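Structure first, commentary second.
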């Protein structure tokens, strides 16, 4: 049964009784759907906010974490095409509810590795309830206590790591599958039963939630990562790290529990909404003229003809529509431009937090706060401004493409200086800095007698301004503590070369780039605003350049291509590029785990260089679209219009009429 039968679905029920039942109100459905979409985006967006923390906790490379972040698109892509077929054939609210339950299950599964693995262990200078070993200098002749870094790779360690990855990848696949029906079915349900006057408002609310959701996810990540990862296993007094320590791991799992619980609660109302509800009636004048109503009914009848195809005919019909739209130069080029922009956003969303942490020595919590409070709201402002310009000036298709070209050109000019805003990696003895050519990695002469474990990692900052990867590598023999917290290290043989009484403080020396953080954030925010102004015009170019009966298919094709060409490979590509800039890897079971030190200049140039490359690609695609539309407009003006030239008339209309005039 399709939505055309809704006018007589509730003929005898009094209108007051309908109003008293919230599940027969489209406004209540919009409220529930907005809450569900926000909760769903919390689950998917929270992973990106905690990606660097998960890398550190389980020893993942950026390539692996990028694959994990994009794996939800696999399940989504495999099923999204068939959503356009099922349409109103199924009980859409219940399908949405079932999808939400899968998303909730995925969120709980993402937090499961925390509960099936042991407590977080790290190299330390003070014995604790989890370890009686230290990483101070153990001179030759004394019995070396060793450290966590010296532990033998037990079979269960490797198996545990594989189990963690398996659980997370399954959770991401479920997240993608569960998210398939939520937005398409929700939008079509609202469009079927909302009034013509209110439908754009309701859809606008949902799209604004889609933009706000990732920002809320990063703010949630900022709050959760302030807590220590094992907050449920040890007391606060037993935590020896601060959130500024490079070994710090925040409570990444806690946010998944919060987001998954919200999704579970949001899923409940959908099992009480009917398959069809009364069409919303608004007071006042009927919207649109009789001509526009006839046009709307024609478009709907064409759409229903497509929806009423059998599954076999649908499968045969789909490749024809796909090829017809891909042969359309404007559609193809605009989609390719959006692919470039989506690839840029994929890298920004997944690894921008990690970039800020490494480049400006920020905590994971503060980096997430910047992204959630500045970058994402900036993108939302750009989308709103782009839409407002379209509505205010009634621009044509050629002017839409000109807007996209101008926005991307200004974005390129603003983004280019970002490549030079940063500092090199701090001086790390034996890694990025050595006073003698005889010094090699971890073979400092001054600490050679300390029997330092090769894999030790407990960074300290010496009084000489040089960072050492552990107290042992600095030759420190004494640690001063207060209330189970390390104050400083003394008797450090490697530091005493620059003067008597060399000492060091715990933690990294940092990159000393704090003065460049504000300019970087401002420029990146402005670049995001300018790039986002092309969002709405690019969608108008797609919707107004294809045949009306192909719109549903074309939008589905568009999102399918964005997933396949941008959202799936994008994070993996960025992660692989970031891994090539690593200069010191953590080793687990003779394999590279998480990266401990990056070449910051190379990291910045490759990470931001990839974003700049995709921005240039989008600019070139939009510029080509502008030239095509300009040529079509010139041809339409030069050739006189006649009654026997319907193609000429269609060409003139497509290039001169604005979006609003075609609705």
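Along the chain as shown, residues are numbered 1 onward.
The backbone N, Cα and C atoms fix where each Cβ goes, glycine too.
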As TrEMBL has it, transmembrane segment corresponds, among 553-570, 571-588, 589-606, 643-660, to residues 553-570
Range annotated transmembrane segment in TrEMBL (choices 276-296, 297-317, 402-422) is 402-422
Candidate ranges 138-161, 330-353; TrEMBL annotation transmembrane segment resolves to 330-353
TrEMBL feature transmembrane segment, matched against 67-88, 441-462, maps to 67-88
For the domain 'SWIM-type' (477-524), the DSSP residue counts stand at 14 helix, 17 strand, 17 coil
TODO: Answer yes if the transmembrane segment (607-629) and the transmembrane segment (402-422) have at least three CB pairs under 8 Å among residue pairs 6 or more apart in sequence, and no otherwise.
DONE: yes
The answer for the transmembrane segment (330-353), taking Cβ pairs under 8 Å and residues 6+ beyond its ends, is 45, 48-49, 51-52, 62, 65-66, 69-70, 214, 218, 221, 364, 367-368, 371, 375, 397, 404, 531, 534, 538, 541-542, 545-546, 554, 557-558, 561-562, 565-567, 569-571, 573-575, 578, 607, 610-611, 614-615, 617-618, 621-622, 624-625, 628-629
Maximum Cβ pairs under 8 Å to the transmembrane segment (201-229) among 95-116, 164-189, 249-273, 365-390, 516-533 is reached by 365-390
Given 164-189, 249-273, 516-533, the one sharing the most C-beta pairs under 8 Å with the transmembrane segment (365-390) is 516-533
Long-range Cβ contacts under 8 Å made by the transmembrane segment (249-273), restricted to residues 6 or more beyond its ends, are 23, 28-29, 32, 35-36, 38-40, 42-43, 46, 49-50, 53-54, 56-57, 93-94, 96-97, 100-101, 103-108, 110-111, 113-115, 120, 217, 220-221, 223-229, 231, 243, 364-365
